[in-house]
Each structure stands twice: as structure tokens, then as C-alpha cells.
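Asker: Would you mind keeping the following structure in view while I ask a few things?
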Amino acid sequence: MPSVRSVTCCCLLWMMLSVQLVTPGSPGTAQLSGQRTARSSGSTVCKMMCRLGYGHLYPSCGCRGKRDVVSSSMAV
């Protein structure tokens, strides 16, 4: 049975790849209709990545502060 951590990582990876495909203006990515939807879903994923401490993987998200490894809280 897969662990919660591995399932969470798979879900996050899938979401990151999905956002990469629908981000308007990115070179070599698909352009879907409804660009407002693409931006809002990207924003939601960025917020989640920042909260989980993975914002450093996506500099375009502009996360502020660094994740404190010991307490898992954001240090500004």
C-alpha cells in the first residue's frame, strides 16, 4: 500500500505538470482556451507549493521566505 507521502508527491507532481501545460505565454506549452482559468489554477498551485515549501522549485511563483525545516513553518 503506498504511503501518504508518496501519494501526495505524485499528486503534487501531476498538478505541477498540469500547470506547466496550461500556463499562457510559456514557450512550447499548450495554449488552452480560457486563459483566466489557467492563471487562477496556477495561482492556486503556487500558493500550495509555497505553503508546502516547494516554491523554490518554481521561481515564477515568487514565494517569500524559506521553509523552516525543523518546525515546518515559514520563516520570513
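Even glycines carry a Cβ here, placed using N, Cα and C.
Copied straight from Swiss-Prot:
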- 1-24: signal peptide (SIGNAL)
- Cys46-Cys61: disulfide bond (DISULFID)
- Cys50-Cys63: disulfide bond (DISULFID)
- Arg64: arginine amide (MOD_RES)
Asker: What does DSSP say about Cys46 (disulfide bond): helix, strand or coil?
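Answerer: It is helical.
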Asker: Looking at Cβ-Cβ distances, which residues of the chain lie under 8 angstroms from Cys46 (disulfide bond) while being 6 or more apart from it?
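Answerer: In sequence order, Gly55, Tyr58, Ser60, Cys61, Gly62, Cys63 meet the Cβ cut-off.
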Asker: Rounded to the nearest Å, what's the C-alpha distance separating Cys50 (disulfide bond) and Arg64 (arginine amide)? Just drop the number here, would you?
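Answerer: If we compare the Cα positions of Cys50 (disulfide bond) and Arg64 (arginine amide), the gap is 8 Å.
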Asker: Note down the number of other Cβ atoms within 10 Å of the Cβ of Cys61 (disulfide bond), including every protein chain shown.
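Answerer: A count of 19.
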